[in-house]
Each structure stands twice: as structure tokens, then as C-alpha cells.
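Here's the structure we're looking at; comments come further down.
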């Protein structure tokens, strides 16, 4: 009787991994042919022939009680989703509705979903990275890093397919790491994933402080009819400035001269509206309460703003390049007064930025699950990376080439290229305001992801209590405030966090998993070992280069 009372839709355990979904390969429902359904009622009576077939399913269920997956019914005997019925011990059958299945996207939607996910704050630092590496070497590094990260992402995507006799349809990359390396693999992937998320939140805090400062400054100057002239900048309608020409690049503000009705008003405003001394603390009042929301579904509605902001940035870059023209002069190894060499030893700073700019490895499996044509996953992933790489090249090359040298030196290009335009620039003001609102809605989403990953692993609950969540949020916000106060250089923050999380999730873990999988199948060759070992060394060198270059 105990055997008969077991539900026919019971899940099949597979070692330490347990799947709890309606996937037909994992769940073993009872199938009733349409001709064996008697009547058209909501609860349709099952014929005697169907009842006999039910007994066979009971027999299979006894076999599948074993941990050996080979005793499970073969996949080809499981009917298609639209023909599945669930048999009840009461003698009734219910048709499984397909409405709860995830919507599959065409390839074009999948490609732009990947593009939109990768287009983050790193795009603002690409021109600065090209300046650090040199114009020619910078372009080469963008192409090479795009190819390397694409291959590693391909290895992540294929990692679930190389595991035999286990249903991996709902697995993520941390599950794959746990399968191959146990608890160490799972926790290491989790820690480095948190590094990338918290690093992004710190960059967001610095940028939001920057955008709020410049937005408030624009409004104040407009209301009080104050004209500011930066001491270091070009003349003309399309002004470009050099905020830190001869001072510490992590200083608080650029040199500005006020002219208006009341100079003391401007000085008082600067005292209470400081980019590093006050603005980072003002943001606490706005963002800390938002982080404590139990659900982030409200903020998820504004994710489309990311696409709009990137499109506007592309328009802004194109317009500025047309207005300013190109200013290039090639010096291959020696610098001049206004230009940098084409090849510089600071190139690891660009590779660190690009590691995060091309980083999507921790969620690529999830994104590709919704692709309508799974056989095109590799092609769509490659096209998405091509689109991302072209976007970075377009923005980086145009800003670097259009930067007016002379009279300004290329060394003046800031880690956030919007800082090279005065706060009075209307088009840049629109970009800053738009990005400020967009980041205000995305920041709680990032905090929610940090909470889900960390609290879910430690407490088994995404919201164990208000106190736990509040302490975590205070820690994350505190990290952002400290960086915005003492080190507001988003280029360096991005490159350090990118190189650190990229070492594990981009270079080491995908390569090790692929080599271990080949070794277990007896297919590992010395050429594969050499190539993937070289990738691991590149990841280590990329991280070390951030500290020594």
C-alpha cells in the first residue's frame, strides 16, 4: 500500500543533486493515449487499458528507486509535453498544461539580451583603458580579450553537456563546479561571483555620486545664473575639459572660476555639494531603504532603461566625434606633449577592465536556456560577443580619436569619459541624469542578487530576517561610500574586481572543468592541456599585472 500511495510524479534523486521541476526527462508522468480518455469532463475517467498502463509505470517507479539512472525509463518513451496526462489513484486523468513553461526567444532576442546584459558601466572606461594601453595596442587587446572570453564562455555553456547520466537541465555553473570539485568548487564560484556583484555595486555608487553631483551643479548654475569656466579646457561651443591636469587624479573637484551675481553663494554650494565629501553620504538616505525590500520585482521593470542609455551614449559619442573631429598622431614607443605612445606597458589596466566588460560567464547558461533554437546557441553567443566588441571599439576609438589634442593631452582622458565634458553641457547633462535614474533602479537589483546568493547558501532562505539583511546591506553600502569618498576611480575599481573574479570564473574554472571532463572520458591530449594551462596562466598574469603595471 505504501508503494501505491507514492505519487507518480515523484522526482528522481541523482546523488547529491536533486531536481524539482516538471522536466519530462526527470519527472516520469503517466501518459494516457487520447483514444483511452473517456469523456470530456474536467476530471476525465480513465479506461481499463490506461489503468493497466498505470501498473507498468508503478513497476518503473520501483526500478527508478535505485540510484542508477540506467534503470529509469528511456527518454524516447516519454511523450511530448502536449500529450502528457497525470494519472490519479482515484482513477482520473488531468492534462498537463504547457502555460507554465518558459517562453522561448528567437535568436535575435537572445543575442540582444546578452548584449544588454554585458553593456554596463565598463563602457565608460574603455577610452581611458585605450589611453593606458596605447591606441594601436588597445584595439588589439580589445579584439584578443573578446576572443579569449568568448571561448571561455563557450566552455561554460558546454560544461553541463559533458556530464553523463545526470539531468543537468536546471543546473547553473556553480552546480557544475560542485559536481567536479565538491564544496570547494561551489563556494569558490560563489565567492568570486559575489566579488563581481559587489564590485559592480561599488562602481555604481561612485558613478551615482558623480552624476548626482554634476546634475545638481547644472541645476544650481542654471537657477542662479552662474557661469563657470574650467581653468583647463578648450574654447568653443563643444567644450572639453581636463579636470586633473597637474593634481592628484583622485582629488575632489576641478579648478573652476565662478562669475555671477553672488560668488559667495557658489562657494557655499560647493561646501555642501561636494562630489566626495557629501554626495556619497546623501545617497545613503535614498538607496539603503530600497535595498531592504523583500522583493526586487518592482525595480526589474526598469531594466529596459539600460538599453536606452547605451543607445543614447552611442548617439552622444557620435555627435561629439562629428563636432570635434579626429586628433591623432602616431608615436609608436615614445610619448610627446599631447599624445601617448601606440604601445604602453600599462596595457594590463585595459585587460582588467575588459575582463569585467566581457564578463557574463556566471549567467550565460540561464540566458541560453530560453533560446528557441538550442542548436544555434554557439552561433548566437558568438554574434552577441561580436556586437559587444564592436560597441566597445566604437565608443573607445571615437572618444580617444576625437579628444582634442592639442590643446589638451591624451593623458587627460578620464576613467569616466563623461568627466571630460563640463557640467554645463546639455547633452551630457541628459546622459548623466538618465544614467543616474537607471543606476538607481539597477542598484537594488544587484543588492538583491548578492542577498539571494549569500543568504541562500548560509541560511537556506533569501530573506532570513530584517536584521540579517540590514547588516549585509550596511556592509555593501559602506564599501561604496568609502570608495566614493577616498578612491573614486571607477577605472581602477573595475579592473581590480574584473581581474579578480575573471581569474576564477573566466579563466581557471572553465579550463579546469574542461580538462577534467576530457580526462574522465580518456580524451585529454597534450595540446588541450597546453592551451588551457596557458589560459590559466593568462588569468594569473592579468591579476598580477593590476598591481605591478
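Glycine too: its Cβ is placed from the backbone N, Cα and C atoms.
According to Swiss-Prot, residue 406 and residue 526 sit on opposite sides of the membrane.
Which of 244-264, 496-516 counts as transmembrane segment depends on Swiss-Prot, and there it is 496-516. Under the DSSP three-state reduction, residue 227 (N-linked glycosylation site) is assigned to strand. The stretches the transmembrane segment (187-213) and the transmembrane segment (529-549) do not meet in space: the count of Cβ pairs below 8 angstroms, excluding pairs fewer than 6 apart in sequence, stays at fewer than three. If you look at the topological domain 'Cytoplasmic' (289-297), the same-chain residues 6 or more away from its ends with a CB under 8 A from one of its CBs are 440, 443-445, 447-448, 463, 466, 469-470, 473, 476-477.
Non-local neighbours of the transmembrane segment (272-288) in the same chain are 205, 208-210, 212-213, 216-217, 220, 252-253, 440, 443-444, 473-474, 477, 480-481, 484-486, 488; each lies 6+ residues outside the stretch with a CB under 8 Å from one of its CB atoms. When each of 108-128, 135-155, 298-322, 468-488, 496-516 is checked for Cβ pairs under 8 Å to the transmembrane segment (426-446), 298-322 comes out on top. Note on the topological domain 'Lumenal' (404-425): DSSP counts are 7 helix, 0 strand, 15 coil.
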